[in-house]
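Below: the structure, in structure tokens.
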Amino acid sequence: MISTRVVEVAWESDGCGRVGAATPSGTRVGPGGGSLRNHGGTGGTANQTLSESEIVEAALRVVREDGVEKLSMRRLSRELGVSPMAPYYYVADKRELLDLVASAALTGVRTPPPESGPWQQRLRDLVDQIDEKLRKHPGLGDVLIEQMLGKQLDLIAAVMEILFDAGFNDRNVLAAYATIHTYLFGRSRVNPRDRSAPADVTLPDSVARATKYIADLRGKYSYDFGMDVLVAGLEAQLVRQPKADVR
């Protein structure tokens, strides 16, 4: 759970290139969460009032505006208007920051209850919500994959429960989930931001006719088309599944 408490941050070096923040007891809390003793150094300090939620929101703004590749601890400190060391009170490094950002980015995804509709509708509802998060935070797909696989298995479980409810057997639930996962997170890899063809390239007629709609690849039309194909394919596979395997 992301903390919203506000703290007074006072930074100093511990003599080993690490920094920490003062706690009320005078011990120092290092970036990794361990305590560092206050050695009473004479180095300068910078008092910053920050909360973890402010840090995460600032990081999300950077991701939305510039993409995840531009997110760094230094860029984050500029966005917050604080010293470069201030964010380290909460996060040890960019990897930990990305974990927090991914967790926050997935916040609000709800699992449709069984009574809300047929499995096709519930599956589409859930996948649509995850896709919305991906669209809102460009470039965050790889981080979200790690978050879902490592720390937020509830989203994977929610998709699989819908597939089990539909009647897929154990093996096909995994295959179906993998197909959905590939579509969700693979689309960004075949939809580069720069979609313009080199000026000196003559496209074959069939390619030229189709690629005049290339802007659709990042829009609702292409997404809906793919989801309709995916759900229809799952329905067809369910019919082909041996009756003895139906749950």
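Positions of Cβ are set from backbone N, Cα and C atoms, glycine also.
The following features are taken from TrEMBL:
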{"type": "DNA_BIND", "residues": "72-91", "note": "DNA-binding region"}
{"type": "COMPBIAS", "residues": "29-44", "note": "compositional bias 'Gly residues'"}
{"type": "DOMAIN", "residues": "49-109", "note": "domain 'HTH tetR-type'"}
{"type": "REGION", "residues": "18-47", "note": "region 'Disordered'"}
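If you take every residue in the domain 'HTH tetR-type' (49-109) and average the pLDDT, you get 85. Across the DNA-binding region (72-91), DSSP classifies residues as 12 helix, 0 strand, 8 coil.
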